[in-house]
Structures are given as C-alpha cells and as structure tokens.
Amino acid sequence: MESFSELSLQFSQLSMFPFFETAHYLTSVMSAREQAGAVDVASRSPLASWFSSMLYCFGGGILSSILLAEPPVGILSNTTSIILASAVWYMVYYFPYDLFYNCFFFLPIRLILAGMKEVTRTWKILSGVAHAHSHYKDAMLVMITIGWARGAGGGLISNFEQLVRGVWKPESNEFLKMSYPVKVTLIGAVLFTLQHGQYLPISRHNLMFIYTLFLILIKVTMMLTRSTASPFLPLETSLQHILFSRQQIPAEVRESPSSSGDKGKPSKKTLDKDSGEQDNKKDN
C-alpha cells in the first residue's frame, strides 16, 4: 500500500510541459483535421483553420475564463504554448505529403498520445477546481462547472468551433448528445470537488492516479475496438428509465380521438338493429 501511495504521489508531481502538452496539442489538432471539410477549410482559409485548431487545444481555458468573467484572450499571454500549438497545427496540415500526420496516425503511436492526453485531462480538471475555489470558496457547484469546462471545453464549445469552419449543426450540441469525454470529465470534476471538500476518504494524489488509469484504460480499449459507444450507456439507460421516463398509458385504456365526441350517441350496431326492426314492422 505504501508503494502505491508513493507511486501515486510521484505521478501527481509530473510536469505537463513539454511532453504531455505536446501530446495534447497533437491529438487535438489531429481530431480537428479529421472533421468533415477541415482539410478544405485549411486550403481556403488558413486563419480559420488555425483558429479552429486553437479552440480544440485551448477551448477549456477559454470557456472557463468566460464563465468566471475573465478575459478569454488571456490564453494568448502564454506565448510558448501558443507557438508550440501553432507549430503542431502547421505540421499536421501542411507538412509535405502528409508525412507528419501519417506518422502520428500510426496506431501504436496514437495510443500513446491518447494516453498522454488523458493525463492532461486530469490536470486540467484539477486546475479548474482549484481556480474556481480561489474565486468562490467552497462553492461546490461552481467548482464542478469550472473543472468540467477546463477539462472538456473543446467539446462543450464544439458548435462555435463548427461555425468557424462554416458549419452549423445544432443537433450536435453536447448538451443534447453528450460524448464520452464530456461525460467522464464531468464525473471527474464531481469526484475532485468532493475530494477537495473532504467528502471522499481518499487523498488527492491517489484519486488522481486511479482516475487517470481509468481514463487511459477506457480510451485505449475504445480505440482498439473502434467503439464509439459510451461505456456508461447501460447505467445511463437504467437511470433514465427509473428517474426520467414518463409513465406510459396502456394502449387498450386510451380512448380514440372521436370517442369523446360520440358520448351519448347510439352505436352504429344499435342503429342498424333499430332500422332493421323498423323495416320488419313495415313488411308486416
């Protein structure tokens, strides 16, 4: 147990720059390139392509700044990160014969990059929770919101990023169809906020290590199996059925629309019977 605690403590002291941050920029820009029409936008408007990629890379910081009424352009003050992300963007889109992109598209390398990106997700959630706590002491809902925004901002502002590329898909709103990264980031924000308030009986570095291992394991599994379904789907379906499903009226109990207006009127069968009796009387 002591060795695990020491390992998790050393893990929590890792520096994200430059290797993990570079992996984050690589995976983010490659994801941006793989969107429909992104390559065409890069050939027609490099500025729009660059801005779109920067939203993928720094969307979390931009969104959290907006929510806390801070200047969203403050992200530009980190010149080193902007230059590094811009260099990655240029290499991914404009390197001759796409050699740079194809090199990092190789599955084993991409698995490593994806795992490193999940490490940065944990750090971003933590920084968001701590940043919100510095503004609003022990405001758990604010801490969860900012941690969520900092860790999954690129997904949460995806509609705005699409507008930059000239695409408008309101049905792809993350609040309507929440993707797995956004869901798991929200769970992480809740866990780290509860731990920060000492509502969870676990140290921060142990929670960081366990949560990051979970992220990496699920991400690698989804990439190897090429699955896009959320691993939380069975639980979500059960909870939705129990808590949020409307009670359905059995079909045999429902009345037809015309039945309410026919109350008090004799049925067609009765009318036919009565008319038949009248005809018999006439014949007699």
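Glycine too: its Cβ is placed from the backbone N, Cα and C atoms.
Placement of S158 and Q240 with respect to the membrane, taken from Swiss-Prot, is on a common side.
For the transmembrane segment (179-196), the partner stretch with the most Cβ pairs below 8 Å, chosen from 16-32, 80-99, 103-121, 140-157, 205-225, is 140-157.
Remote same-chain residues near the transmembrane segment (205-225) are listed as 4-5, 7-9, 11-12, 107, 110-111, 114-115, 118-119, 121-122, 126, 180, 184, 188, 191-192, 195, 231 (criterion: CB distance under 8 Å, separation of at least six residues from the stretch ends). With respect to Cβ pairs under 8 Å, the transmembrane segment (103-121) is most closely packed against 16-32, considering the stretches 16-32, 45-68, 140-157.
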